[in-house]
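Visitor: Feature list, courtesy of TrEMBL:
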DOMAIN    8-184  domain 'IFT122 first beta-propeller'
DOMAIN    185-288  domain 'IFT122 first beta-propeller'
DOMAIN    293-435  domain 'IFT122 second beta-propeller'
DOMAIN    453-515  domain 'IFT122 second beta-propeller'
DOMAIN    522-904  domain 'Intraflagellar transport protein 122 homolog TPR'
DOMAIN    965-1003  domain 'IFT122 zinc ribbon'
REPEAT    45-76  repeat 'WD'
Amino acid sequence: SAVVTTWEISVYDLAFKPDGSQLIIAAGLRVLVYDATDGSIIQPLKGHKDIVYCVAYAKDGKRFASGSADKSIIIWTSKLEGILKYTHNDSIQCVAYNPVTHQLASCSSGDFGLWSPEQKSVNKHKVSSKITCCGWTNDGQYLALGMMNGVVSIRNKNGEEKVKIERPGGSSSPIWSIAWNPSKDEHNDILAVADWGQKLSFYQLSGKQIGKDRTLTYDPCCVGYFSKGEYIVMGGSDKQASLYTKDGVRLGTIGEQNSWVWTCRVKPDSNFVVLGCQDGTIACYQLIFSTVHGLYKDRYAYRDSMTDVIVQHLITEQKVRIKCRELVKKIAIYRNRLAIQLPEKILIYELYSDDSSDMHYRVKEKICRKFECNLLVVCSQHIILCQEKRLQCLSFNSVREKEWVMESLIRYIKVIGGPPGREGLLVGLKNGAVSTPRRSILTQSNHRSGSHAHMSEPNANSVAWNTQCEDMLCFSGNGYLNIKASNFPVHQQKMQGFMVGYNGSKIFCLHVYSMSAVEVPQSAPMYQYLERKMFKEAYQIACLGVTDSDWRDLATEALEGLDFETAKKAFIRIRDLRYLELINSIEERKKRGENDNDLFLADVYAYQGKFHEAARLYKRTGHESRALSMYTDLRMFDYAKEFVGVTDPKSSRMLMTKQADWAKSSKEPRAAAEMYLSAGEHLKAIDIIGEHGWADMLIDIARKLDKAEREPLAKCALHFKRLKHHGYASETYSKMGDLKALVHLHVETRHWEEAFSLVEKHPQFKNDVFVPYAQWLAENDRFEEAQKAFHKAGLQNEAVKVLEQLTQNAVVENRFNDAGYYYWMLSMQCLDIAKGKIEEQRGEMLKKFERFQHLAELYHVYRSIQRYTDEPFSSHMPDTLFNICRFLLNNLTKDMPPGISKVNTLYALAKQSRQLGAYKLARYAYEKLQELHIPSRFQESTELGSLTIRSKPFHDKEDLIEGMMCYRCSTNNPLLNNHGSVCINCRQPFIYCASSYDVLPLVQFYLEEDISDEDALSLIDLEVPHTDQRAARWQDIDNGDLQSLRMDEGLDDEEEDPFTAKMSFEQGGSNFVPVKVSRSVLRAMSRRDVLIKRWPRPLKWEYFRSLLPEVSITMCPTCFKMFHSEDYELLVLQHNCCPYCRRPIDEPN
């Protein structure tokens, strides 16, 4: 459509106000303002003295500008008042407003200016050629200028050139019009350039060309985009305006004129195009884009962007785009064929595969001819063209095979199927007739069997049968969709658009340009069939698509209607195994000849939870027992009792038992227990109460039970034990009179006091109490108490075993201090046991005593060496460590005790010997170390030591050797002795201080055979007259526990001592000759000079005489170890006990 206004003067430019309400036109010396809605002129504006060449409106709609050959620019407000005028040196060619900043670019033949309202002056920039056109990018950052010399110059907001595009024709193809694509969807800014080399080109902002030049058949004067950038309008010397795609594909003519078209513009956000011509004509056209589409079952093909075809699969929602790059005129689709008519040809596509969801099309045939037709239809091997009354059938090779002429205009054609090449057509004519050109095939059309239903629907605009269920149709109209099944009432729901197909549960609906598949649940018609108990038909409808709850309703209704086949299919759909099992069992029973429908229905009701209906039916069919078992299984005992009635005592008893059993397995155990108690089932009740730990309830039962009922009482007691209710358990056992169980209870619960008091009254349980008590004490590290307990139980061997085990553990864990202590305790234990044994066993125990005493001492000293080698700091003085190492090496036999390391001992000895000046001994230690496997941590130190020791003299310090003097024969002994801790000359054993391991000035002596320990003691205690003068020098300290010798001033005894005479022996003898003393010698001894180890029987006492009475020596009264008195006192203060046997200082001897 066109509105045409004509002036005698040329129209060079026009512009729309951004809201589309006004149109500004450059006509002669004036600027004309039109109302865009009705084409009436609002006002001509005067202000220019020469032809107005260009106009432009600001994006915000507040002002517009005009440029003229009089070299001036006038800025006008939207109220049509001129507010500013500025000039250039040449005539103005074009103006353009920045869409963002509203800066105005004005271009003349020699320069361009940039003006913004906040600036006083206009910034002008010279150019080398006449500017013909200009345009800003959408973001207002860049300005493109088109020039006469074929150059497009792209400038930034300050006018600096950023990109220069040179057209191949140069000045022979001047740029006449440019436009930026306004689309917001494009990723890049796209510039359309039209030049008088008769080319249309597209460029990116970077200057890179997009695609190839499009050749035109005329000189273009103007190029403009639609508001969304999807189409281009162009006009020029061909005296018409043409429509192009955004890629430059010509779609057709908009309007033809009698002279050149200088300008064309699209009204914002509309399909109106306005042209301005050389002869003064202004024409306005409205473009109408018709829908071009085709539908076959679930495939819908439609035109997009005028040159593309999109095929949409309505079920899977897949889409595929076919680019034709030419105007698409018609589309037809049928099965796997798709026909597209273009201006000069028809393309026929086919699907790659027969897959129903395949969307890949390929070109099968091209018919390169121009056809004029109203309708296009495609079949398997033909295309049908319709032009008014004529139908033509062409093969794909464009051979015309048939032609029909109808009596009226053809409005609609549909292929209704048939074998390939012989399909049937339905043709709808304008006069209301429906005709079929191939009658032989028409038998496929829907002749409904049976009676014909007639209905009138005043607003129906389309109707379709359901392709999957021939009893259903739907029709649309007036914004509603109507679904009709069989001869039931119509189901209605809202729907926008035009219904074009009905497939299963999907209805295809065309709304404006878009086709969509609307999912319509078929619930309404399904329920209509269910109401009539038409289960098979309802199932068919459900198969088209209903919800899960609809399926369940169908299944349930069919089951209650005893249509087991339909019910089974429906339950399979919702995967309900319970009901499927029921149906299977009913079918099996039917096969076996059962045919009582009431009984089947009773089972169905029971499954559905309609228990009372089921019970009534069971009763009616004579199956009361089933009803009873149903109620009891469901724990509905009240209903069951009601059902049975009071009459039947046997059933009532059975109910009672069942109820109790249920209560036990249910989540109400207290009720269950009470029920069992009332039924006299004590054991079951006790089990339940015990399991749940209700002790109060349990003790009530135990107290009520008679003591003769031993089994329930025993169970009660067991539960009390498990629940740790010691008092209740002992009360129960006492009631039963089960003393042994009571003893075991006290032992298990560690209530020793009660156990002991019970043993006092009943000694036969002694072993049952003391053995576990001793084991418990031993486990809790209370060994001395454990020992006593084992003794009480008469199990000395057990005591030894426990201690041996603990000793072994201490050795393994390197707790050598504890190991020494445990061995000492073991030795004393053996001595204790030896007392009561017969002769042979006593000998064995005494051997053990000797061995354990020896081991105790070894571990006691090794503790110091281990601490020296393993810990960073040592608390011992070097000479103490030196003595300890020598003592240990002297006493180590061939079989090394476990845990004691010879390497550590030699290493410590080597280090201390070197420090104290015993260089010969250090060499010996290093040589011995070389023979052994040395740990890596000592390796370097040992190798270095054995090298550097060679620089030292090959002898030991004198005072060290003097320290090893024998107090019996005065021989200086070597520092290490092969014979052990005895003198090499007289074989007299050395007595060591148990803390510093110095040799003490003591000599052991023995009594002659006829003197007993008591005699010896009384003889020594006799004060002989000649010792009176010495009494002043001695101070005797005897506090009952400790025996100490101390001298006040050291005057030599000038008299001959009879003991020294006894000490002499034959030189050179290899056997040890002990010192034996007679009564006279004993009488001559002072009590203060003698130390006695008073061993218990069967051991003999040991006697020691001090040869240096001024040296104060203390002996521990428990372990009989000798110490220098000051060492002992210090150690006792530190540890609060003897360092060797750990006897507390306050313990009486």
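Don't overthink the numbers, they just go from 1 along the chain as shown.
Including glycine, each Cβ sits where the backbone N, Cα and C put it.
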Visitor: Under a criterion of three or more Cβ pairs within a distance under 8 Å and sequence separation of at least 6, are the domain 'IFT122 second beta-propeller' (293-435) and the domain 'IFT122 first beta-propeller' (8-184) in contact?
Guide: no
Visitor: What residues in the same chain, six or more past the boundaries of the repeat 'WD' (45-76), come closer than 8 Å to it by Cβ-Cβ distance?
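Guide: Sequence-distant neighbours of the repeat 'WD' (45-76): 10, 12-19, 24-33, 82-100, 102, 104, 106, 108, 113, 115.
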Visitor: Averaged over the domain 'IFT122 first beta-propeller' (185-288), what pLDDT does the prediction give?
Guide: 93
Visitor: Could you put numbers on the helix, strand and coil content of the domain 'IFT122 zinc ribbon' (965-1003), residue by residue per DSSP?
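Guide: Per-class counts: 0 helix, 8 strand, 31 coil.
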